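Peer 1: What follows is a structure written as structure tokens; I'll ask about it next.
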Amino acid sequence: MAGSGFGKSFRVTTFGESHGAALGAVVDGVPAGISLSEEDIQKFLDRRRPGTSSVTTSRNESDKCRIYSGVFGGLTTGTPVMVMVENTSQRSQDYDELAIIYRPGHADFGYDSKYGFRDYRGGGRSSGRETIGRVIAGAIASKALDMLGIKVEAFTQSIGNVYARELNLEECSQNDIYMPDNEAALKAVELIKKAKSDKDSLGGIIGCIATGVMPGLGEPVFDKLDARLSAAIMSIGAIKGVEFGAGFHVSTMTGSQNNDPFYIDEDDEGIHIRKKTNMSGGILGGISDGSPIIINAAIKPTPSIAMEQDTVNAVNEEVKLEIKGRHDPVVVPRAVVVVESMVAITIFDMVLENMKCRMDNVLKIYKK
């Protein structure tokens, strides 16, 4: 199966299936000298771990990680970093009846059409548990970005029709759904519980803000920063749309409303070119402009629902389906760290790419 790798200079390959022995990632291109421990990675994994609240699946995986290579004495060595998480709470019998049935909203039919064979236990490679490898790599990228003064923070912007009206990021850790508005979070949790009792599910929007990104990051034309970020985020299974800054609202604006006026700002560090607004979301012409990078990602409702649905099977029969097993009524809260990880991976990859765009950058490294 091709397509399990992402990145150029910071290359991430994920592996494993939902009901296989283990999942993880191999990350190549990690510079030597980054402080990294299993605890650093575990903090990220715990944010996507199932069974941690009333609004997530009851599949209670510990998702304990182990570093197998690329770290010595608490520092990365410059060799590939391999990290793995064992599966410990599989209930494959829950999926026996799905061996030949195509679940609506899932990848079953596509996988059968492409490969002529599929692992039907929990979706196999198409399962949300594949994102464990992404989060592992995101933790490593985030450690590197910290050293550069770059911070990436994702959060739940909305669940169903309930939106965060405030942006108090410190409140994200004070509720079960990582929403930066505790009052809205209470309403969203009730909405999730109702959907679950109705044997249904919900979607939502994840917001992400990257600060400290210097102007000039991104490659023109096909490797624009927003193009690479879009590809990274859209590769996450449940994502159905991505927007930057004012996003799709720009289609209703005039040029004078959409353009961000520049101005000169002077402080102790010198003279800076700033923007009065940030409709562009921190990216102009595919290159960062020094403003916060603002991203929204739309997530579809969880396709695994207990409500009876019409579908077909692999022998061309129309059948009824009620999905059993342990599933999230909404995946948005657990996907927050996944979006954050893919943004961190992409930004750090492009930081490394950016180092070779000018000869003076090369001379800083090689000048004796």
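Even glycines carry a Cβ here, placed using N, Cα and C.
Grabbed the feature section from TrEMBL, which reads as follows:
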- ARG48: NADP(+) binding site (BINDING)
- ARG125, SER126, SER127, GLY285, LYS300, PRO301, THR302, PRO303, SER304, ARG326: FMN binding site (BINDING)
Peer 1: In whole Å, how far is the residue listed as 'NADP(+) binding site' from LYS300 (FMN binding site) when you measure between their Cα atoms?
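Peer 2: Distance (Cα to Cα, whole Å): 17 Å.
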Peer 1: Within 10 Å of the Cβ of ARG125 (FMN binding site), how many other Cβ atoms can be counted across all chains shown?
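Peer 2: Cβ-Cβ neighbours of ARG125 (FMN binding site) within 10 Å number 21.
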Peer 1: Quick check for the class: what is the C-alpha distance, in angstrom and rounded, between ARG125 (FMN binding site) and the residue listed as 'NADP(+) binding site'?
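Peer 2: Taking the Cα atoms only, ARG125 (FMN binding site) lies 17 Å from the residue listed as 'NADP(+) binding site'.
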Peer 1: Quick one: Cα separation, ARG48 (NADP(+) binding site) versus SER304 (FMN binding site), in Å?
Peer 2: 18
Peer 1: Counting other Cβ atoms within 10 Å of each residue's Cβ, which of the binding-site residues ARG48, LYS300 comes out lowest?
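Peer 2: Across ARG48, LYS300, these binding-site residues, the one with fewest Cβ atoms within 10 Å is LYS300.
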Peer 1: Near THR302 (FMN binding site), how many other Cβ atoms are within 10 Å of its Cβ?
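Peer 2: If we count other Cβ atoms within 10 Å of THR302 (FMN binding site), we arrive at 21.
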Peer 1: Can you tell me how spread out the FMN site is, meaning the largest CA to CA distance among ARG125, SER126, SER127, GLY285, LYS300, PRO301, THR302, PRO303, SER304, ARG326, in Å?
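Peer 2: Among the residues the record ties to FMN, max Cα distance equals 44 Å.
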